[in-house]
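Colleague: I have a structure I would like to understand better, so I am pasting it below and will then ask my questions one at a time.
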Amino acid sequence: MYQTTAALRSAFLEYFRTNGHQVVDSSSLVPVNDPTLLFTNAGMNQFKDVFLGEDKRSYTRATSSQRCVRAGGKHNDLDNVGYTARHHTFFEMLGNFSFGDYFKRDAISFAWNFLTQELKLPKERLCVTIYETDDEAYDIWTKEIGVPAENLIRIGDNKGAPYASDNFWQMGDTGPCGPCSEIFYDHGDHIWGGRPGTPEEDGDRFIEIWNIVFMQYNRQSDGEMLPLPKPSVDTGMGIERIAAIMQGVHSNYEIDIFQALIKKTAEILSVTDLENKSLRVISDHIRSCAFLIADGVMPSNEGRGYVLRRIIRRAVRHGNKLGASDSFFYKLVPTLIEVMGDAAKGLVATQAIVEKSLKAEEEQFARTLERGLGILDGALNALKGDVLDGETAFKLYDTYGFPVDLTADVCREREITVDEAGFEVAMAEQRSRAQAAGQFETDYNDSLKIDELTHFSGYTELTAPGKITAIYMAGESVNSLSAGDEAVIVLDSTPFYGESGGQCGDRGVLSAKGIEFDVKDTQKYGQAVGHQGALTSGTLSVGDSLEANVDKKLRHRTELNHSVTHLLHAALRQLLGTHVTQKGSLVDSERLRFDFSHFEGVKPEELKAVEDLVNTQIRRNHKLSAEVMDMDQAKEKGAMALFGEKYTDEVRVVTMGDFSIELCGGTHVGRTGDIGLFKITSEGGIAAGVRRIEAVTGAAAMAYVAGQKAELDQAAALLKADSASVVSKLKAQLDRTKLLEKELSQLKDKLAAATSADLAGEAQQVNGVNVLVKKLDGVEAGALRGLQDELKQKLGSGIVVLGIAGDAKVNLIVGVTKDLTSKVKAGELVASIASQVGGKGGGRPDMAQAGGSQPENLDSALEQVIPWLTERLA
């Protein structure tokens, strides 16, 4: 019964569905509207606002199988993954939830009945923990459920503070909290370990399988516990743990999902030892990596993307350890989809993107993996002690892309630890250097704190009255301004848009009779809008009324560029894949810049298709609509939110026909046709996994096209062709140039041969050895190597030294026939000469080259060759 993990998942959800619960799909691994979380790490994450009373749902009972990741940040299991029976970067949490509906009695009954009746687990194998003072739960467990008192364990405050207990759950320092009951399974006395609360509780015999949290208090800032008006329930059961029990195994890595992935990895890498811990690491990591990419995370050097990169690189390193000679990690995705069943729906839709992203990251790391491992191996072999210094760990990170935990993973296998504090010091020093190198003059407004509130009226008007509520000069609040003063003016109401969401701030004028304040920029300061600029005439004081006039032309051009970023975002997702997410943008009156996640460069044909699709949507002349609604409504409409952003309860949703719908607080055109034309001017990578498109619109796009046409016409004139035949004419010209270059090379070879015949006759005898030392004129540096080969052949046995002096540059070459290399090394001789002309060089015993920066010293340097050789050939 329920022998597969997929069957167990279905049984759990069906059980709670029949008991009146709404089955809710797993939310994304990237928490939406909760920047406090790096990744979704519990089933209750998506219901957090419901528990806090900030979100209302149409149901009061829910159940889910939530995909979770614990790697990076506070919840980081990465170091232990693969080495223990139950640590994972990715896991599924089965859960049932009550939002002010049922409480302890039903929650306990639901859990017990599912385990003992549906799954038919032996009751004698189960024991339960409760919070020490939770007598209500004790009575339910003993009197109603029938758990023997000896199988019920009270756990008190065991973490050094009141309510700090394994059996008391709290969301934070304040807010909803309450006692919990945990159900444990006894794997048998053949496994070491003791019951919860005993000194042996850390053993593997008694394993927690279900945690039932009773949220019944609201913790105040002073520590007081106030009863919640509507107590709720949050439960969680790790599917991997219960699957291990149902499948009669002890380690999670022995269940069907992991065994399929382990066997597939072993097949790909031709490994026979299925107990190898590296196989466990890889089987775990493919789950987190594949599902993170499916949910829009791409490998990068910051935030979630860097955690993903660390996991991928750890898996690749373990593959290398097993003998992988080629990319292998991405090949596990089809097996993962197969074993995950219904839980892999999102993965199926993004399979191609996931595989390409994994392969690209693996190939990128492969370029430095071997060399980095060699450096690390050398450092460990030379190590005196059992701690690797942080500087070496940082070098591996900075030069070879080794995350510090990957270095620690390698060291661990040799019982060596990494000085992570030293690593952090080296990292901090690098950041300081980067900041110092990149410092520009800082505007005092960067740190300006303003408490005032400004009403923004600029969605519907560009001219409006406003009253001055505050004035700031050089970061300090002042009451008045005189002509010539530079300041920030805050109004109670303004049509000026303050820079945010990538859209630059408006420019324009604040004026009254005899008064004019030139606004050069507009910024947001909390809930206030600050107009930055200078008073060009008159005087101003707090309380004065002004007319605010936005520069209409600049605002309109900015709106063209902002609106087209929405079309561009939608086009990229449609043509490249739904993994594409916005990573940043800059929109002003001149151009737009759009950064997005993508694992490879955008091909020219893809870029053209994106541009064409955007222009098609412009020509369709969609009407733009902007509506304010609550977040749930926006989600239901399919509005795209920027992951990691914190949105208010009410959000503004901008829709462009049936093509684009996004959350956005910026200003836009009335219809897409207003944009006129969209032209991409460049595309490139700005970081691993992040691409950037720069583009222009409207009149700027027309000017860009006209400029390209003018350049094409100039090229046509130079080629004596019309515009239509420029490409064919240019190709013919390049073919001819290639042919001429080949002929020129052949002529140079003939000239070198002729020159060598003449030069060979100039050789002199030094202690019975033929020696030719010559400064050459009219010979290219590229011909030196061939010329010295020719001369050595002509001499039969001898030494050749040639030099060329150019503009502030010297080129040298020394050739020694093999019969003489025991007496004279070409590298030593060329180094001696180079040191006299401001250079250095080296090479093989029979041929070496060098460069220098002092051509004026070449003659004297060459004069020293014969004495140098005379001494060595004596």
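Glycine is no exception: its Cβ is also placed from the backbone N, Cα and C atoms.
From a predicted model like this one, the values you see are computed outputs, not experimental measurements.
Dumping what Swiss-Prot says about this protein:
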- HIS562, HIS566, CYS664, HIS668: Zn(2+) binding site (BINDING)
Colleague: Around the Cβ of HIS668 (Zn(2+) binding site), how many other Cβ atoms lie within 10 Å? Please give the count over every shown protein chain.
Modeller: 24
Colleague: Give me the non-local Cβ neighbours of HIS562 (Zn(2+) binding site): same chain, 6+ apart in sequence, Cβ-Cβ under 8 Å, ordered along the sequence.
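Modeller: HIS562 (Zn(2+) binding site) has long-range Cβ partners GLY502, GLN503, VAL587, LEU592, GLY666, THR667, HIS668.
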Colleague: Give me the sequence-ordered set of same-chain residues, not including HIS562, HIS566, CYS664, HIS668, with a C-beta within 8 angstroms of the centroid of the Zn(2+) site's C-beta atoms.
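Modeller: For the Zn(2+) site the neighbour list reads GLN503, GLU559, SER563, THR565, LEU624, VAL654, GLU662, GLY666, THR667.
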Colleague: Residues with Cβ closer than 8 Å to the Cβ of HIS566 (Zn(2+) binding site), same chain and 6+ apart in sequence?
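Modeller: Listed in sequence order: VAL654, MET656, SER660, GLU662, CYS664, HIS668.
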Colleague: Translate the DSSP assignment of HIS668 (Zn(2+) binding site) into the three-state scheme.
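Modeller: Coil, per DSSP.
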Colleague: Count the other Cβ atoms sitting within 10 Å of the Cβ of CYS664 (Zn(2+) binding site), across every protein chain shown.
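Modeller: Result for CYS664 (Zn(2+) binding site): 25 other Cβ atoms within 10 Å.
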Colleague: Give the three-state DSSP assignment (helix, strand or coil) for HIS562 (Zn(2+) binding site).
Modeller: helix
